[in-house]
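K.L.:
Dropping a structure here in structure tokens format, bear with me for questions.
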Ligand SMILES: Cc1cc2nc3c(=O)[nH]c(=O)nc-3n(C[C@H](O)[C@H](O)[C@H](O)COP(=O)(O)OP(=O)(O)OC[C@H]3O[C@@H](n4cnc5c(N)ncnc54)[C@H](O)[C@@H]3O)c2cc1C
Ligand SMILES: NC(=O)c1ccc[n+]([C@@H]2O[C@H](COP(=O)([O-])OP(=O)(O)OC[C@H]3O[C@@H](n4cnc5c(N)ncnc54)[C@H](O)[C@@H]3O)[C@@H](O)[C@H]2O)c1
């Protein structure tokens, strides 16, 4: 009998396995695909490894005629080979790490039986407690020809790109993958079923991000709901019910992800789920007394992101080893969309009780240095002049948003920011001038 059996070896499940193993618990972890889960195999890591190439190209282009001679170009096949060499070994390293630490690893699909035990490859396993960390999978569209639609996993596995590609949806998956394809020479169209608006991001700042992609030549089509995909000689024809038609080499889905529940047989253990995933209370407990859940598989508003899964696994490790008694409370969580120009947001940037200002940063030294064409920030402070939120778009938005996240979390006011000395010239040395 194990102390704990974890289903799903993504960032959430693996971190929890290590935490509890180090605490002396007898831990088993089950995986039915790649050890490490979505982030290192199909998500964050491979996409950002490729994005580094696209960023390098753009940074060189921005300095063309100012010292840079010649225009670099991106080759999909080489960029993909780099990803294969650098991120594909993660899977084996993750498995080795678990085995070396003494965690029992089981390869197979886990499901619960009516006794509340877990069955894997027809063998039954028992544990004192179970954690479901099965993550999510891409949603498909229920339309005619949906079998021709590709997922983000399929996109990353393409040996070559067609001359034109279409991305459905306007979330981070479409907006990031579209940039990879476009930089490698493919014409790209992004189709939104509504007006172009990026999820929860501030509309004004989001519009600047969209403008940056449009300036590259990425096409945006709004208010179109595709209802049919038909195979053609050299690709596909997609249509809607109002007469829209587009011929394209490939159609990639970026319309969100749904919780991975299908193999778990949760009906046998009466774990409550809704349309967005598993329901848990503020201690990450499901409706079954021995079963907890964490990560992307949860129905939650905090964001389905790697650091959120990791945060939940650290909390659960403390809870299950008696080091934590309180309910989980999340800190402010930044969200990002990557590219040579990045979009990032944290906290609140609208509301009656806060002061909000917009700064155009393109003339600031930090951005002039790299000749960035798009750089803006919206900053919100409360009546004590403490930062409560920010939304920003620039090539350095990833670094800026993390610094601002720390400042919001620590409730740092302008007076306190002025008393710090930070390296110059960097994004950090701009911080005190944002207030
Ligand atoms: C293209 C893309 C880019 C992304 N980029 C970023 C980014 O830049 N930053 C960021 O923070 N997040 C990003 N994400 C999101 C991030 O990958 C996820 O939030 C993160 O992987 C969630 O971790 P998890 O452990 O909850 O689940 P997962 O990583 O999904 O792991 C769950 C694991 O459980 C396994 N599993 C499922 N069912 C069973 C079963 N019945 N039995 C056994 N095993 C099972 C699955 O095979 C999987 O390996 C991206 C996602 C995608 C798709
Ligand atoms: N940089 C990052 O942090 C990053 C990068 C990639 C993915 N992710 C994570 O991966 C997950 C999936 O991302 P995503 O972009 O696929 O999903 P998303 O939910 O963020 O965005 C989905 C988009 O598709 C649209 N949409 C939904 N249903 C549709 C339909 N039936 N027809 C047409 N359009 C539809 C939505 O309006 C939205 O614009 C998210 O949790 C995201 O946080 C994060």
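Just so you know, glycine gets a Cβ as well, placed from its N, Cα and C.
What you are looking at is a predicted structure, and each value in this text was computed from that prediction instead of being measured.
According to TrEMBL, the protein has these features:
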- 2-301: domain 'FAD/NAD(P)-binding' (DOMAIN)
- 39-44: disulfide bond (DISULFID)
- 48, 134, 135, 136, 296: FAD binding site (BINDING)
- 169, 170, 171, 172, 173, 174, 175, 176, 256: NAD(+) binding site (BINDING)
- 352-429: domain 'Pyridine nucleotide-disulphide oxidoreductase dimerisation' (DOMAIN)
K.L.:
For NAD(+), with binders 169, 170, 171, 172, 173, 174, 175, 176, 256, what's the maximum Cα separation in whole Å?
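P.N.:
Across 169, 170, 171, 172, 173, 174, 175, 176, 256, the two farthest Cα atoms sit 14 Å apart.
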K.L.:
Those binding-site residues, 169, 171, 175, 256: which ones have a Cβ sitting under 6 Å from ligand 1?
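P.N.:
List returned for ligand 1: none.
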K.L.:
Of all the binding-site residues given, namely 169, 171, 173, 256, which is spatially nearest to residue 134 (FAD binding site) at the Cα level?
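P.N.:
It is 256, whose Cα lies nearest.
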K.L.:
Can you tell me which of 48, 134, 135, 171, 173, our binding-site residues, come within under 6 Å of ligand 2 at the Cβ?
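P.N.:
The binding-site residues passing the 6 Å Cβ test are 171, 173.
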K.L.:
Under DSSP, is residue 169 (NAD(+) binding site) part of a helix or a strand, or is it coil?
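P.N.:
Coil, per DSSP.
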K.L.:
Give me the long-range Cβ neighbours of residue 296 (FAD binding site): same chain, 6+ apart, Cβ under 8 Å, in sequence order.
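P.N.:
Once residues fewer than 6 apart are set aside, residue 296 (FAD binding site) is near 10, 12, 38, 135, 136, 257, 259, 260, 277, 304, 309.
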K.L.:
If you average the pLDDT over the domain 'Pyridine nucleotide-disulphide oxidoreductase dimerisation' (352-429), what number do you get?
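P.N.:
Mean model confidence (pLDDT) across the domain 'Pyridine nucleotide-disulphide oxidoreductase dimerisation' (352-429) is 95.
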K.L.:
In the three-state scheme derived from DSSP, which category covers residue 256 (NAD(+) binding site)?
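P.N.:
DSSP assigns residue 256 (NAD(+) binding site) to coil.
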K.L.:
In the same chain, outside 169, 170, 171, 172, 173, 174, 175, 176, 256, whose C-beta lies within 8 angstroms of the Cβ mean position for the NAD(+) site?
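P.N.:
The answer, listed by sequence position, is 167, 177, 254, 255, 337.
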K.L.:
What is the interatomic distance between the Cα atoms of residue 171 (NAD(+) binding site) and residue 39 (disulfide bond), given in whole Å?
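P.N.:
Distance (Cα to Cα, whole Å): 17 Å.
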K.L.:
Within the domain 'Pyridine nucleotide-disulphide oxidoreductase dimerisation' (352-429), how many residues are helix, strand or coil going by DSSP?
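P.N.:
Each residue of the domain 'Pyridine nucleotide-disulphide oxidoreductase dimerisation' (352-429) counted once, the result is 24 helix, 22 strand, 32 coil.
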